[in-house]
Structures are given as C-alpha cells and as structure tokens.
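Chemist: Pasting a structure below so you can have a look.
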Amino acid sequence: MSSQIKQVFARQILDSRGNPTVEVDVVLESGAFGRAAVPSGASTGIREALELRDGNKALFLGKSVYKAVENVNTKIAQAVKGLDALDQRLIDKTMIELDGSENKKNLGANAILGVSLATARAAASHLRKPFYRYLMDVKEYLMPVPMMNVINGGSHADNNVDMQEFMIVPAGFDTFSEALRCGTEVFHTLKKVLIADGYSVAGVGDEGGYAPDLPSNEAAIEAILKAVKEAGYEPGKHVFIALDPASSEFYKDGKYELKSENKSLTSEEMIDYYAAWVEKYPIVSIEDGLAEEDWAGWKLLTEKLGNKVQLVGDDLFVTNPSILAKGIEKGIANSILIKLNQIGTLTETFEAMAMAGQAGYTCVVSHRSGETSDTIIADLAVATCSGQIKTGSLSRSDRIAKYNQLLRIEEELGENAIYPGIKAFVFNSDEEVEEDVQEIIVEDSEAEKVVVQVEE
C-alpha cells in the first residue's frame with residue numbers, strides 16, 4: 001500500500017500547565033497512522049520560531065490555538081496531501097515554503113511541527129519500525145544520560161531562587177535503568193533533606209522539581225549534594241551537577257540581577273561566579289550561563305570554562321542552524337540544546353544536530369516546561385545517539401512518560417544499548433580527541449547525513 005499522505009487533522013488539547021496546544025493526526029493511504037503533540041516553553045528565546053496563539057482573552061486567557069489548528073486542517077493539509085510521508089525533507093520544505101516567513105509566524109511553528117512529527121510517526125508505522133529505528137537504523141544505540149531537574153527556580157517556579165534549573169546527572173553507571181533508579185532515590189531523599197532543613201516542598205515546579213524558598217542559589221547545590229550522599233551515592237563519582245540558570249531572564253540593562261542574593265553582576269563577574277562553583281562542585285554542564293544577546297560575554301565564558309564544563313546554548317542558539325553556525329564561527333559555547341519547537345520541523349532539527357556534531361559540539365535533546373504525554377524526544381535522543389536528554393524531574397506523568405519510554409527502548413535493544421556515562425560530556429579543549437571516538441554517519445529521510453560523535 002502507498003505511503004502517500006491521505007489525511008491530516010489537528011485539534012486543540014491541553015499541555016501539562018493546562019494551556020492549549022496543538023495535536024496532529026496523519027493517516028497514510030496504507031492506513032498507517034501517526035500522532036504528535038506540540039510542547040510549549042515558559043522562558044523562550046527571542047529568536048525562536050513563532051508559536052501561534054489566538055490572543056483572545058475570552059478564550060483560555062488568550063492562549064487558545066484555534067488559528068494554528070485551522071491552518072493545519074486547511075492550508076497545510078491541502079499542501080501535503082498526496083505527498084510521500086517517507087520523504088520528510090519534502091514534507092517540511094513544502095510547509096516552510098507555504099509559510100513564507102523566517103520564523104514561521106504565518107502558519108505557526110506549533111502547526112508546522114505537529115504535522116512534521118505526526119508524518120514521521122506515520123512513516124515509521126508504515127514501515128512497521130519503532131520510531132527511533134525509523135529515524136536511524138543501526139546496530140548499536142547510545143542511551144542518553146538524563147539531566148534531572150530536581151530543584152526549580154526562575155520562570156519555572158514561584159520562589160525566590162534566581163536560577164531556573166538545578167539538575168542531577170547520574171553518569172556513574174553502566175545502564176540507563178541503573179541511572180534512573182539512582183535519580184529517583186536522590187529525588188525522594190532530597191525531599192526529606194529539604195523538610196529536615198525547614199523548607200516547604202508542598203508543591204513542585206513546572207518540570208516536577210521541588211521549588212523551596214532557599215536563601216541563595218548555591219544553597220540549592222548544597223541541598224542536592226547532601227541528598228546524594230544520604231541516598232548512598234558519591235558526588236563526582238555516581239552523580240554530577242548540571243545547571244540551567246536561564247540567565248536571559250535576569251539580565252537587565254547589561255547586568256545580571258541575582259535578587260535572592262542582592263547582587264548585580266557584570267558579565268565578567270558572572271563568569272567568575274560560575275568558575276568558583278566549577279572549582280568547588282562536581283558540575284559538568286552549564287546551560288544559558290549568560291544572556292542570549294551577551295555574545296561578548298559568551299566568548300569570555302567559553303575561553304575560561306569551555307575546557308572544563310559543557311557550555312550549552314539554548315536561548316543562545318534556539319536549535320537554529322544559521323545561528324549555531326555563527327556561534328561555531330565565533331567559538332561560542334561547546335554544546336547546543338535541541339528543542340523541536342524552537343525551530344519547527346524535524347528536518348531543521350536534524351540539520352542543527354548534524355552541524356553541531358561536525359563542529360565537535362555536543363547535543364542535548366530537551367523537553368519544554370509545558371509538556372504533554374508525547375514521548376517523541378525519548379526516541380529522538382536514542383536515534384541520534386546524542387548521549388544526553390533533559391526531560392525534567394522524577395514526578396509529573398508528562399516527565400515520567402519520557403523516562404518510561406527510554407526504559408522500554410533499552411529493554412528492547414538489550415546489549416545493543418550503550419550507556420555512555422560521563423563520556424557523553426565532551427568539552428572543547430586543546431587536547432586531541434581519543435582514537436576510540438568514532439563518527440556514526442546517519443543517512444535518513446529526515447535530513448542530510450547526521451554526524452554524531454560516540455565514545456565507547
């Protein structure tokens with residue numbers, strides 16, 4: 001039976017914050033079916049592809065997405081009907097040209113992405129392949145090391161912590177399932193630690209982490225390391241720390257305003273702030289350590305810490321190949337966060353990952369703070385052998401769904417599932433890359449060859 005697209009249908013559903021989002025169904029002539037739901041961010045980069053919302057305050061406080069749904073059911077459906085779902089590049093190119101804008105503002109990135117992902121899922125169903133294997137069919141796969149957001153602050157929580165995410169990284173294990181067990185034990189122990197220290201943990205933030213009112217940002221790290229030890233693990237051996245300050249959120253008039261500590265820091269002072277932490281704590285990754293428009297500061301940050309920790313660009317690069325290319329040229333950061341809805345198609349996502357891999361940058365596949373039960377990023381992380389994933393804490397079913405999908409994939413792959421551990425964190429330095437680092441060249445229907453560096 002044919003793999004041509006027969007039907008495309010979108011609807012409005014709710015995300016994990018109770019806000020409307022887009023869900024798309026795609027049916028092929030063969031009867032194969034694919035469905036995808038689009039996530040949404042809270043702290044968003046100024047150069048992200050546009051998420052189209054209606055703005056009518058009488059409907060969902062202005063957050064409804066009926067126009068995006070209508071765009072899928074009319075303009076996009078008419079344009080892609082009859083196209084071969086196995087030709088992902090053609091599908092995405094057709095929608096990009098139909099939109100005609102640089103940031104997908106006409107049709108909406110949420111409309112375009114929903115169709116892009118649902119089509120890929122339908123194609124995988126048509127070929128009767130697991131989605132990760134449809135994206136990349138090889139013998140061995142890297143399971144991603146999870147960055148688990150156990151203390152939430154900033155835009156993700158209602159507390160006085162400036163920085164957005166304090167994450168545990170269980171990299172000192174041989175399998176993903178062992179790492180996940182460690183993460184859950186540390187997470188539950190952290191609750192006991194916070195309560196014993198007199199903090200309220202009655203609720204959790206958008207990504208499932210605790211959101212206590214701590215006296216300083218550093219207090220979050222201290223609490224986490226205490227929980228790691230009380231759970232029976234060793235910091236720097238079994239569990240490491242990753243940070244996402246989301247510093248664009250507290251960058252005002254050229255200064256970094258840490259209100260919880262009553263500090264106003266220049267770029268150089270903010271870099272020194274991080275450098276002191278890197279010397280003191282087992283930190284392996286800092287995401288958006290400086291503001292997205294502070295490129296001069298980013299250059300200094302990379303020069304000072306780029307050979308010591310992973311420096312991830314999220315708001316900095318917004319999964320955009322053209323912006324990433326500029327960052328690579330200027331020697332800024334050494335890693336990119338991959339968020340599907342920042343760029344709006346599967347093809348462009350693969351292009352960004354390919355470019356990053358070729359430049360020696362790592363890729364961290366990521367969720368958004370407004371998530372759904374869709375598990376597509378779990379498959380994406382495995383398929384691309386990115387080696388790292390951010391999908392929240394160890395609570396809230398929208399986060400756990402991704403972890404459970406990774407457990408299923410690891411079980412299915414058996415001995416062909418490789419957990420890279422600390423080797424997933426490759427920093428740009430003057431040292432030669434070890435000879436056992438190999439390049440896996442991935443040829444798929446979504447994009448050009450994807451190059452991913454893998455250490456075994």
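A Cβ is built for glycine as well, from the same backbone N, Cα and C atoms used for every other residue.
According to Swiss-Prot, the feature (2R)-2-phosphoglycerate binding site maps to Gln164, Lys339, Arg368, Ser369, Lys390. Among the features that Swiss-Prot reports, active site, proton donor is placed at Glu207, with the record citing sequence analysis. For Asp244, Glu287, Asp314, the entry in Swiss-Prot reads Mg(2+) binding site. Per Swiss-Prot, the feature active site, proton acceptor maps to Lys339; the stated evidence is sequence analysis.
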Chemist: With the cut-off set at 10 Å between Cβ atoms, which of these binding-site residues ends up with the most neighbours? Options: Gln164, Ser369.
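Modeler: Buried the deepest by this measure is Gln164.
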Chemist: What is the nearest of the recorded positions Glu207, Asp244, Glu287, Asp314 to Arg368 ((2R)-2-phosphoglycerate binding site), using the Cα of each?
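Modeler: Closest recorded candidate to Arg368 ((2R)-2-phosphoglycerate binding site) by Cα: Glu207.
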Chemist: Within 10 Å of the Cβ of Glu207 (active site, proton donor), how many other Cβ atoms can you find? Include all protein chains, please.
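Modeler: For Glu207 (active site, proton donor), the 10 Å Cβ neighbour count is 31.
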Chemist: Run through Glu207, Asp244, Glu287, Asp314 for me and report the recorded positions whose CA is within 10 Å of the CA of Ser369 ((2R)-2-phosphoglycerate binding site), in sequence order.
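Modeler: The recorded positions close to Ser369 ((2R)-2-phosphoglycerate binding site) (Cα within 10 Å), listed in sequence order, are Glu207.
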Chemist: Nearest to Asp244 (Mg(2+) binding site) by Cα distance: which of the recorded positions Gln164, Glu207, Lys339, Lys390 is it?
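Modeler: Nearest listed residue in space: Gln164.
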Chemist: When you measure from the Cβ of Arg368 ((2R)-2-phosphoglycerate binding site), how many other Cβ atoms are you left with inside 10 Å?
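Modeler: For Arg368 ((2R)-2-phosphoglycerate binding site), the 10 Å Cβ neighbour count is 26.
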Chemist: Check the Cα-Cα distances from Lys339 ((2R)-2-phosphoglycerate binding site) to the recorded positions Glu207, Glu287, Asp314 and tell me which is shortest.
Modeler: Asp314
Chemist: What other residues of the same chain, not counting Asp244, Glu287, Asp314, have a CB atom within 8 A of the CB centroid of the Mg(2+) site?
Modeler: Gln164, Glu165, Leu243, Pro245, Ala246, Ile286, Asp288, Val312, Asp315, Leu337, Lys390
Chemist: So if I measure Cβ to Cβ from Glu287 (Mg(2+) binding site) and keep only same-chain residues at least 6 apart in sequence, which ones fall under 8 Å?
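Modeler: Same-chain residues close to Glu287 (Mg(2+) binding site) (Cβ under 8 Å, separated by 6 or more) are Glu165, Ala242, Leu243, Asp244, Pro245, Ala246, Val312, Gly313, Asp314, Leu337, Val364.
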Chemist: If you count the other Cβ atoms within 10 Å of each Cβ, which of the binding-site residues Lys339, Lys390 comes out on top?
Modeler: Lys390
Chemist: Pop the Cα-Cα gap between the residue listed as 'active site, proton donor' and Lys390 ((2R)-2-phosphoglycerate binding site) into the table, whole Å please.
Modeler: 10
